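Q: What TrEMBL lists as transmembrane segment is B:6-28, B:40-59, B:71-89, B:101-123, B:156-176, B:210-232.
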Amino acid sequence: MVQGFLILLICQLMGEWLMVWFGWPIPGPVAGMLLLLIGLMCYGRVPDGLRLPAEGLVRYLSLLFVPAGVGLMLFAETLAQQWLTILASLLLSTLITLSLTGWLLQAWETRQYKHKE
Amino acid sequence: MELTTFWVYFNARPLFWIVITLGAYLLASVLNRKAGGTALLHPVLVAMLMIILLLTLSGTDYDTYFEGAQFIHFLLGPATVALAVPLYDHRARIRRMLLPLLVVCLSGSLTAVVTTVLIGQLFGASDTLLLSMAPKSVTSPIAIGISEQIGGFPSLSAGLSLTTGVMGCLLAPLVFRVLKVRSHTSSGFALGLAAHGFGTAYAMQRSTLAGAFAGLAMGMTGIFSSVLIPLISQLFGLN
């Protein structure tokens, strides 16, 4: 458990350092995720000590967004004035993006499946 | 001791706001389950509103709240790294689909930014608001970084990214039913792309396969967007 948590933190730290080193705009945690993935592929399996904290964190991922979300209160004025603009942009764009990606990938999968038969 | 001084003493303790955050989330989860698991009462959204209400009523500012809440916020980093585990578990399937996944992710990330900016402009949003909205489909830690880089309000971007996440979970069941998106891989990937961490958490409830593809989409969208969004905002002449 402690071991696994340490692995996660070290990957994040190395990701952070590497991105600063290279001057790339990719955030440290995402770079850390890639590093851990490469590490797991080299190692060949997920160590037991890592699986426990990793799955726990992923399961409660949504809880971790609460503190940042409360920060919306700082923009009460902007939100009150421009709520229609914000709502329309976010909602329509999300609808279009979700439809396009879901449909595209499903179409590809269905074609692959038929191809095999 | 007067009640007000008692409150100030309590207020300064970071632990109090950690307890409040966890408590609000648990209460919101119970409410959500009672309401039949509807995404409209997403536990994160309800918990956020409860905490904002409490902070407003008690006259506490966000910085004081964040003194405690930062310890929960901090875990977002290792949690993002931890998404490598479900990715590794489903590596064979991902490798088989790598090319279409890249194509879909690239076109999806582009669509997310361009439609947001276009619709925002249509409604007459200011440039700063447009820049803050642009990274809305990117997971909040990355959205903060992008927003900072292009000249938006980072914390507004974080909040809008969360709002988008909730919207994605709300729209997904309807969109997938209408467009007949049935596979766990496709629905998961679309959720992670359009609704990042919220979509991933939502997909995880369906299956770990959907969750893994959502996590993959979230990571890929984050990487593509950190390169694409600064370019696109320049193209639109926003900064």
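Every residue, even glycine, has its Cβ placed from backbone N, Cα and C.
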Q: Near the transmembrane segment (B:210-232), which same-chain residues lie under 8 Å Cβ to Cβ, leaving out any that are not at least 6 residues past its ends?
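A: Distant contacts of the transmembrane segment (B:210-232): 80, 83, 86-87, 89-90, 94, 101-102, 105-106, 108-110, 112-114, 117, 134-135, 137-139, 142, 145-146, 149-150, 184-193, 196-197, 199-200, 202-204.
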Q: Against which stretches of its own chain does the transmembrane segment (B:101-123) lie, if we need a Cβ under 8 Å and a gap of at least six residues from its ends?
A: 94, 129-130, 133-137, 189-190, 193-194, 216-217, 220-221, 224-225, 228-229, 232-233, 236, 238
Q: Take the transmembrane segment (B:156-176) and find every residue of the same chain, 6 or more past its ends, with a Cβ under 8 Å from one of its Cβ atoms.
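A: Tertiary neighbours of the transmembrane segment (B:156-176) are 39-40, 42, 44-45, 48, 129, 132-133, 135-140, 143-144, 146-147, 182, 187, 190-191, 194-199, 202.
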